[in-house]
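Notes for the one structure printed next.
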Amino acid sequence: MSLLVVSMACVGFFLLQGAWPHEGVHRKPSLLAHPGRLVKSEETVILQCWSDVMFEHFLLHREGMFNDTLRLIGEHHDGVSKANFSISRMTQDLAGTYRCYGSVTHSPYQVSAPSDPLDIVIIGLYEKPSLSAQLGPTVLAGENVTLSCSSRSSYDMYHLSREGEAHERRLPAGPKVNGTFQADFPLGPATHGGTYRCFGSFHDSPYEWSKSSDPLLVSVTGNPSNSWPSPTEPSSKTGNPRHLHILIGTSVVIILFILLFFLLHRWCSNKKNAAVMDQESAGNRTANSEDSDEQDPQEVTYTQLNHCVFTQRKITRPSQRPKTPPTDIIVYTELPNAESRSKVVSCP
């Protein structure tokens, strides 16, 4: 198999014609455009193909050009291999979708999987469209935002870009209304602001766009951030899901610990109060018992029976009574549960 290698000094790379090698042996490299993939006519653009695999060569391919492949020797720096494909003057013929591949020296016909596609577009060729926000450039957080791109030129497609994003949204132009062709881009509920631009293009030249519209700054009130997070870049406000799970788990543990401490404290308080009440009840019972013994002693009723009442004897005159005093016999009878004491004198 013969290969025809043609040196192209104006762009600093080689053009390789021949059979397409077998691909997919190594993992895909990455393809970037500097200063960007939207390039004005006659400007310089550099397409950089790089990988952490130490490729000896890099190949650049443009879709639709099956017989042409651009090849460069890779440079190795800090564990990365790369090659810069420089296009000094961008023209309409060089615009299109590019991919790059990597290969090693010992198997030049076995290349890596292709990189993700990169569209190189020439802008500034046609009249610029107009970009507006249906609710105005300042909206409340949560309101639905719709941006309208319109022009009197009969563009078939409109492209909406936002600063910081690598890819654009695109929508076909609607029917002509009031002399303009328009496309409405719904962005959904507003959470962050951003700067937007739109372009117009035709079906027969999808890589040739109009001039950029005037920039439109969309501001969202009620939100401290003024920039919309890019879908390809992580947001610092969103945070790492793992860290978020750790934060939620820690919060749950703290709440459970507080509840457990509260329940334990309440249980100990109830137990202490119950012990104090038992001691007070025992003291009250002892005090009541002592008061009962002091205030209500068992009264013993003594009854002194006077047998004079129950015996009959002869009453003598005082002069006839003996001079020695009589001896009275006193009999005490203990009457249980008596409330008073009575004394009955018994006479002999």
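Cβ from N, Cα, C; glycine included.
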- What residue among Cys100, Cys149 is stated in Swiss-Prot to be the disulfide partner of Cys49? Cys100
- Consult Swiss-Prot and report which candidate among Cys198, Cys268 shares a disulfide bond with Cys149. Cys198
- Which candidate, of Asn144, Asn284, Swiss-Prot gives the annotation N-linked glycosylation site: Asn144
- Message: Tell me the Cα distance separating Asn178 (N-linked glycosylation site) from Asn144 (N-linked glycosylation site), rounded to the nearest angstrom.
- Response: 25
- Message: Around the C-beta of Asn144 (N-linked glycosylation site), how many further C-beta atoms are within 10 angstroms, looking at every protein chain?
- Response: 12
- Query: With DSSP helix as H/G/I and strand as E/B, how many residues of the domain 'Ig-like C2-type 1' (42-107) fall in helix, strand and coil?
  - Reply: 0 helix, 39 strand, 27 coil
- Cβ neighbour count (10 Å, all chains) around Asn178 (N-linked glycosylation site) is 7
